[in-house]
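Asker: What Swiss-Prot records for this protein is below:
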- 113, 114, 115, 116, 117, 118, 119, 120: ATP binding site (BINDING)
- 453, 471, 475, 478: Zn(2+) binding site (BINDING)
- 100-275: domain 'Helicase ATP-binding' (DOMAIN)
- 296-451: domain 'Helicase C-terminal' (DOMAIN)
- 514: N6-acetyllysine (MOD_RES)
- 522: N6-acetyllysine (MOD_RES)
- 597: phosphoserine (MOD_RES)
- 602: phosphoserine (MOD_RES)
- 219-222: motif 'DEVH box' (MOTIF)
């Protein structure tokens, strides 16, 4: 008969093996989900390739970019002349020639091209080669101002109409729209002008009938779709343009749209059978890095200033901030540390924004500290760094903002500082957006990831097929020598649920910061739970555990709306009940070693602190 100790030993062995199997099952389930998503993407890609092949075989081959890459069209000579003599360029970038030719042939087209790929040229050049004018719809007045400044420097006649335009200016533009001898080639308006101005629509109709309106360009076309990252209701009214003016060519442009968003936007704009040209998302010269944001604001600013005055000394850059207030404060702090910085945000006077933009373009300012209002349409080629003072509200925004670096195809760095508190500041801002929280969590997941190639993560988001080996160690994760393991954090998640339930029983709500304080045995004693030990981990690690639990839906956000602010609280999430199952395990990827072993892609890829020691750029311990 077996002894009790022997049976106990075997029981422990079986329990241990079952626990290991549970972890493997969870990992396999997660992998299955990833593979099913990738299978769906690949199936759609194969279907599209088969449709393209069938179209080519039937002679209907104008859907392929290759059909538009020739230089023997009737307009090719004029196109080449304008490219060289007006835009001062010797050659086209990928897909520019194809898009210009399709537009000149009066085809409707959607162009998906990375930030910095040269989308604006694809409608500006055809406008100069046509007899009439092209109407350009842009979401931001600041974007239109930036575009006009560049066009004026090139000697191109362009203007804009907005709510602040004087009656005299509006009257002058309306006259030019009908003048066959006018040199006006581009008229920029916001979508509100189309949706709400009957007078302007009447003028457009007369211009169309007179053969003066030759094209429409819808910039940031993803704004049409409620599934896009920056949905704007007035964009939905733009379908009237193709219905009223069927013979014009319409081009929709974006750097950040998934296939689902593109299809939705095409339907809204009444161009469901348009051509779609998609450039590769990859910018091989950009180095992507995520860093933990220092807890001290003073240390953080000093950290950024050391980078700018050291590695990036004399080099041009952009710093993106969460709010207008942040951008102003960061600018002042950097100026005190010897950085030639200027602020840029939408609430500034137009002449002040233009002044900052002009000074930065002329390298009189080294850095622009800005909100998202800055950058769309910016064509400064030698931006060597884009620093995010806080993360973007979505992967689409981050891809677009970081893409303003390195347009000259030389190496540039994209450094994102990721902080726990930023998640909930941004969440409170996007909660009213249709998919705002979902897109924010995708961004957070990107920041939390400590092992997967950054380009692979971006590719996965945009439904691209990507081989991580092609990164060429141009991201922080691909530069790491660290090995990783799955750490069981089930007990930590159970502790969080107990604290939240105790608060709920007291009819109290906990903000993320109060939850951490209660977990660490700080703050109000009423939130501390008997039997929940204070974890022997630094606060930074506890923050990452909470974020992981939030992303995995063991926790969820709840909001309280006041007259002055939207406040984020944490509550028990929909998957929390699983934590009471004995076999259920929550795991999180961590470094196997506590020592940093970051191998830089270049000598510049590691930050050097004030004492000359290399700091790790790893996000999670």
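A Cβ is built for glycine as well, from the same backbone N, Cα and C atoms used for every other residue.
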Asker: If you average pLDDT over the domain 'Helicase C-terminal' (296-451), what do you get?
Answerer: 93
Asker: Using C-alpha positions only, work out which of the recorded positions 114, 117, 118, 514 is nearest to residue 471 (Zn(2+) binding site).
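Answerer: Spatially nearest to residue 471 (Zn(2+) binding site) by Cα position is 114.
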Asker: Could you state the whole-number distance in Å separating the C-alpha atoms of residue 514 (N6-acetyllysine) and residue 522 (N6-acetyllysine)?
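Answerer: Counting only the Cα atoms, the answer is 9 Å.
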Asker: How big is the Cα-to-Cα gap, in Å, between residue 120 (ATP binding site) and residue 475 (Zn(2+) binding site)?
Answerer: 28
Asker: Around residue 118 (ATP binding site), which residues of its chain at least 6 apart sit with Cβ under 8 Å of its Cβ?
Answerer: 92, 93, 96
Asker: Within 10 Å of each Cβ, count the other Cβ atoms, then let me know which of the modified residues 514, 522 comes out lowest.
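Answerer: Output over modified residues 514, 522: least Cβ neighbours within 10 Å is 522.
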Asker: Can you give me the Cα-Cα distance between residue 117 (ATP binding site) and residue 475 (Zn(2+) binding site) in Å, rounded to a whole number?
Answerer: 21
Asker: Going by C-alpha positions, which of the recorded positions (453, 475, 478, 522) is nearest residue 116 (ATP binding site)?
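Answerer: Of the recorded positions 453, 475, 478, 522, 475 has its Cα closest to that of residue 116 (ATP binding site).
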Asker: Around the recorded Zn(2+) site, report the further residues of that chain (criterion: Cβ within 8 Å of the mean position of the Cβ atoms of 453, 471, 475, 478; site residues excluded), sequence-ordered.
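Answerer: Those within range, site residues removed, are 288, 454, 455, 456, 468, 472, 473, 474, 476, 477, 479.
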Asker: How many Å separate the Cα atoms of residue 115 (ATP binding site) and residue 522 (N6-acetyllysine)?
Answerer: 46
Asker: Find the shortest Cα-Cα separation between residue 453 (Zn(2+) binding site) and the recorded positions 114, 119, 522, and name the residue that gives it.
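Answerer: Nearest listed residue in space: 114.
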Asker: Quick check: with 113, 114, 115, 116, 117, 118, 119, 120 left out, which same-chain residues have Cβ atoms within 8 Å of the centroid of the ATP site Cβ atoms?
Answerer: 93, 255, 279, 403
Asker: Measure the Cβ-based neighbour count of residue 120 (ATP binding site), defined as the other Cβ atoms within 10 Å of its Cβ.
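Answerer: Other Cβ atoms within 10 Å of residue 120 (ATP binding site): 19.
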Asker: Tell me which of the binding-site residues 113, 475 sits in the most Cβ-dense spot, judged by other Cβ atoms within 10 Å.
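Answerer: When each Cβ's neighbours within 10 Å are tallied, 475 tops the list.
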